[in-house]
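As structure tokens, the structure follows; a few thoughts come after it.
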Amino acid sequence: MDSFVVKRKRRIGEQSTEFNSEHVTKKSKDDSTETDQGAVHSILWKEIRRENLCCDYTVFYSKHQADELLAECEKKLIYNEGQMARVHLYGKWMEIARKQVAFGDDCLSYRFSGKTVLARPWIPLVQKIKDDITKATGYTFNFVLVNRYKDGHDHIGEHKDDEKDLVFGHPIASLSLGQARDFVFKHQDSRGKKATRDIPTVKLELQHGSLLMMKHPTNSFWYHSLPARKKLINVRINFTFRQMVVKKTC
Ligand SMILES: O=C(O)CCC(=O)C(=O)O
Ligand SMILES: [Fe+2]
């Protein structure tokens, strides 16, 4: 496969994030985003392609913008507690290994690990991030799941975001703030003892202020996870903006 990193216009304030250039292919379309001052910058997307994996990655916010957003998130976000922070696994209730909260349009809820997460009404901070992503990508979102990883012990296990309440084919936009963490994709045919093929895993390091667009059909074929990295001590907050099927009644 022809593989190379696209070196086009770099955004003002953008830090360099070279990840393995293998399988990173050229993106033809130039997207743009606005700064707080209204200036338009072009975005340098890196395309990550494998069999049925289609993701675009960029450092979306400058370090300064991302620092401010992280500080505001730490002040303003209140996470689910009690039953809403537990999963039922192997006959036992367990605390999830991170904190979560969801925001969304009226009446939206989301099933996660067998439980229903109610969306809270949008708050300006989260709405602003959503609007920035929509402006830059052209995709709209009506729901976001926020995960807070207090340090490298917190993690999320392998899963696919392929629930039927999600609009089929719509990308998921994953915005990360704080501690850079490994993010791992595994093809469904290459998992565990029943693996039928030997497809290499895809590992990215998601940087502070980065945006990963997970596009169709990635979530139909590939599992993803954020493994524990116990030596890391800093907080990371991740937003996965999604488009959910809107049901008529609340
Ligand atoms: O924290 C992340 O980067 C991933 C979160 C995730 O996969 C999810 O919320 O479904
Ligand atoms: Fe996910």
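Cβ from N, Cα, C; glycine included.
Positions annotated as substrate binding site by TrEMBL: TYR110, ARG111, PHE112, ASP162. Counting Cβ atoms from all protein chains shown, ASP162 (substrate binding site) has 14 others lying within 10 Å of its own Cβ. For the recorded site, ASP162 (substrate binding site), the DSSP three-state label reads coil.
In the structure as shown, the Cβ atom of THR240 (2-oxoglutarate binding site) sits within 10 Å of 19 other Cβ atoms. Look at TrEMBL and you will find ASN147, TYR149, HIS159, HIS224, ARG236, THR240, ARG242 tagged as 2-oxoglutarate binding site.
Marked as compositional bias 'Basic residues' by TrEMBL: 1-11.
Taken from TrEMBL, the feature compositional bias 'Basic and acidic residues' applies to 20-32.
The annotation domain 'Fe2OG dioxygenase' is assigned in TrEMBL to 140-245.
The region 'Disordered' annotation in TrEMBL covers 1-34.
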Taking every pair from ASN147, TYR149, HIS159, HIS224, ARG236, THR240, ARG242 (the record's 2-oxoglutarate binders), the biggest C-alpha distance in Å rounds to 20
For the binding-site residues TYR110, TYR149, the largest set of other C-beta atoms within 10 Å encircles the C-beta of TYR149
Those binding-site residues among ASN147, TYR149, THR240 lining ligand 1, judged by a Cβ under 6 Å from any of its atoms, are ASN147, THR240
Expressed in Å to no decimal places, the gap between the Cα atoms of ARG236 (2-oxoglutarate binding site) and TYR110 (substrate binding site) is 22
The rounded CA-CA distance in Å from ASN147 (2-oxoglutarate binding site) to ARG111 (substrate binding site) is 15
